Amino acid sequence: MELSVIALLLLGFVNFSWQNEQAPRVKTSLGDIRGYYKISRHGRKYEAYEGIPYAQPPVGNLRFKPPQPVQEWINELPAVEKGPVCTQYVVLSTPQNGDKVTGCEDCLYMNIYVPFRNGNESLLPVMFWIHGGAYQFGSGNKVNETLVMDRDVILVTFNYRLASFGFLSTGDSVVPGNMGLKDQNVALRWVHNHIRSFGGDPNQITIFGLSAGASSVHYHYLSRLSAGLFQRGISISGVALAPWAQTKYAPEKARRYAATLGCPTRNTKEMIDCLQTRPARILSQATGEVPDIYAPFGPVVDKYGPDPFITRSPIDIIVSGEAYDVPWISGVVSEEGLYISAAFVGNDQLLKQLNDDWDNIAPYLLDYNDTLPLNQHKEVAEKIRKYYLGSNPIDSNTSLSVTHMIGDRMFSVDFQKAAILKAKINKSPVWTYYYSYRSMHSCSEIVSGGSTKNFGVSHGDDAFLVLDTRISNVSRPNDLEMQQILLDFYTSFAIEGKPRAGDVQWQTLDPNEKEFQYLHIANPQNIKMETSNDSANINFWNTIDFNENKISGQE
């Protein structure tokens, strides 16, 4: 006990000393930046530069416009406090003050964390994190960087515009869309251009993200704007082919959205001029008027703008061979569907409601309301239910099957398709994984409103174990070991160009094999390569002709 107290006192003294010594400073072509020192999870000193603007504030006439380059500053920039989060409607929880709207429009800021170099001139690999949140919520500010700072990599986190501010599209040149993805691109370009000033290697940038951030990573492989700005990527539970990652009927949704705000909808310029006058808070509150469980506003084909992010559908870009050809890792967890189902699987009343009204709820729950004709909705709902549940009712005994149904449809099927296509068409290696380790805490606790019941391994449980403050401060030995395995996985890929997980030889995906190959991370003592000829029940889902990911000319 005495040794522990002494260690804590020494750590506090070191921390106090570092905070009071001369602050770290860097010089960039935009101006000087001053940061501050912090301590990593296991006691390493590192530099923190928080709240760095990477684009002009998208306010006033710049609302709904592509991001504009940040201007030079004259005085030293104090980068000692994170910038505000982007305006968003809080979906998964209610803040203590009860206000569901948070953030502001002036939010395009990044945070850069750099291991203390102590005179070492070697450039460090860079990891560029893209946060998730269905393109509607979230922030790079929520990342807990302290564990990553135990390794010799630079970590960059940032905010990008969300919901209507980042993804409204009129389907023409007025607001082509994808402002949020363009924010990401400008942030990535900023890092590519300036990270050398922080001791980072602009030719060793790994982009990685979770959920919508994972699909964003995939989108950067498909955009000519981002080609050359990074050397590898990791998509954690999300790809651009996922149904929620491609917005259907975006112009119609924009008009419906504008109508709820009392704006004219016949002329898109007049409509946007009107939306420009509405307070950000009102715009954020109105997002709930656009019916979509997953992402009412998200990525679109924006070929009408002067600097389009993508001019064709993701599938067309992929099969044409035009995607950026650099290494990629992609994977899923065993109960991806908990992203949605955790809100109801522990509630018998909600399960009964889902059971009784399945035919009407299924098209929205499984996101095919816009991709199948109305006269097929009931037939497909019954077909899916029969496959996963047989003749059983939806209740606590079958809730896991419902979770797997949602996860297969929304994440796992298209993850597999995207990985195989990239491995088949491009030359760079592709690695895939399947994560089924349940730690003491889970993201399902957030979605379920605090329930600690074990519903399975939730969407986000892998990345959050390393990067999120809400569940990353773990104490169980197996959880701590898994943290290190995942940290090795992410950082070894950034440093060496090949991922490492435990002592297993992680093989690349061979698209010519009949069975899908992946690394199964079951627990710290059980990590191995596996294969499947029907992963995510993909053969069943291929029998349903959704109007999704159709190659042009083959509709």
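Every residue gets a Cβ built from N, Cα and C, even glycine.
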Going by Swiss-Prot alone, which of N426, N533 is annotated as N-linked glycosylation site?
N533
Where Swiss-Prot annotates a disulfide for C86, which of C104, C107 is the other cysteine?
C107
Can you check which of N15, N120 Swiss-Prot annotates as N-linked glycosylation site?
N120
If you pull up Swiss-Prot, which of C263, C443 shows a disulphide to C274?
C263
Quick check: in three-state DSSP terms, what is C274 (disulfide bond)?
helix
Quick check for the class: what is the C-alpha distance, in angstrom and rounded, between C263 (disulfide bond) and S211 (active site, acyl-ester intermediate)?
33
Of the recorded positions C107, N120, N144, which one has its Cα closest to the Cα of E336 (active site, charge relay system)?
N144
Enumerate same-chain residues with a sequence separation of six or more from C107 (disulfide bond) and a Cβ-Cβ distance below 8 A; give 'none' if the list is empty.
P57, G83, P84, V85, C86, T87, N159, R161
What count of other C-beta atoms do you get within 10 angstroms of the C-beta of S211 (active site, acyl-ester intermediate), across all chains shown?
28
Nearest-integer angstrom distance between the alpha carbons (Cα) of N397 (N-linked glycosylation site) and S211 (active site, acyl-ester intermediate):
28
Using all protein chains in view, find how many other C-beta atoms are within 10 Å of the C-beta of N120 (N-linked glycosylation site).
11
Work through the recorded positions one by one (C274, H459, N533) and name whichever has its CA nearest to the CA of N120 (N-linked glycosylation site).
H459
